[in-house]
């Protein structure tokens, strides 16, 4: 009994990153040795992702409502600079993708089988979807994981309770801490969950289907790597005026790795919240900025939309001038911000961008099909970049505001 308790204590107090690394290696080994065994442990990954997705909506709703209700008068949340960073970062990602596409032109061997899906017809439809998600029924928003609606109702309830009695505010604060404790427990199960995810992914997909699109994949991953390791650190340095890499690597290690394997920004919200708490950021700020970032901070999506659209243009022999490429960057940036409002995310927004070049919907949907083929890596890298950047920009804005206050004191 004592040995079992000792093992559980080591699991609870050990390095989560090292445990995740062990889970990844074990998953690859199991998938290599036995495909059937790997498929049989797939449920561990599904359980982990399911638990994260289940707790995330209530976590966001309670944290946002509690933080706004308990916010001190005249308290600064630094939301404006964070939103500016989110939007600028997304546009910078689209520009990076354009430059990578010009430097390494990509063409696609398009097939006749296009993915069966209904892409949005235009930016107006994306905005329409987002606006109606804003006024969604709060119960339905919690059930379906509509974070735009959850944010709206959480902010509304928080503002309504801002003038409530202290005892009412304390109840919400206590519930918030209780939900946070549940999140910490779920996150400690990450090594087991990622073991299941890696095992099933390698066993079912492997890399045979991806090999034919290696050039496209390298351009996509190269653009995301430049964004993560050069552009984002440069933006952070501009804000905090010190070496940005310790912060950047911490966020990639503790947020990006988990997001890479869960492939869900929504599922990674609890992980990001816990990381923000570990970094000692203001709860009033990160309780709003993290779920908001999961909705509008879509640098990875902007890269995917831009590179696949330009690959389609190259394949069809369309000449793309620099002004059209800049326009594509703007459209990709705006579309990416609405990716969470579209079923299928960034891939189904490709036809919208392709329409800029007069590329037919049939061809555009074949490009989407290519996206689904490489999605096992593309979607993972995209989510890892998107989710880790949420914490990076939130931390940078908080530190910049703190430095400014200290300088003025």
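Cβ coordinates are placed from backbone N, Cα and C, and glycine is handled just like the others.
Source: prediction; values computed, not measured.
The annotation transmembrane segment is assigned in Swiss-Prot to 14-34 (among others).
Outside the transmembrane segment (48-68), and at least 6 residues removed from its termini, the chain residues within Cβ reach (under 8 Å) are 138, 141-143, 145, 147, 150-151, 153-155, 157-159, 161-162, 169, 172-173, 175-176, 179-180, 182-183, 186, 189-190, 192-194, 196-197, 262, 264, 266-271, 273, 283-284, 287-288, 291. Residues or ranges marked as transmembrane segment in Swiss-Prot (evidence: sequence analysis): 48-68 (among others).
The annotation transmembrane segment is assigned in Swiss-Prot to 82-102 (among others) on the grounds of sequence analysis.
As annotated by Swiss-Prot, transmembrane segment applies to 141-161 (among others).
Per Swiss-Prot, the feature transmembrane segment maps to 192-212 (among others); the stated evidence is sequence analysis.
Residues annotated as transmembrane segment in Swiss-Prot, with sequence analysis given as evidence: 216-236 (among others).
Annotation comment: Swiss-Prot describes 290-310 (among others) as transmembrane segment.
For 322-342 (among others), the entry in Swiss-Prot reads transmembrane segment.
If you look up Swiss-Prot, you'll see 357-377 (among others) marked as transmembrane segment, on the strength of sequence analysis.
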Exercise. Hey, which bits of the same chain come close to the transmembrane segment (14-34), Cβ under 8 Å, at least six residues off its ends?
Worked result: 41, 187-188, 190-203, 253-254, 257-258, 261
Seminar exercise, completed: Contact set of the transmembrane segment (141-161) with the rest of its chain, CB cutoff 8 A exclusive, min separation 6+ beyond the ends, reads 53, 56-58, 60-69, 71, 130, 133-135, 168-169, 172, 266, 269, 288, 291-292, 294-295, 340-341
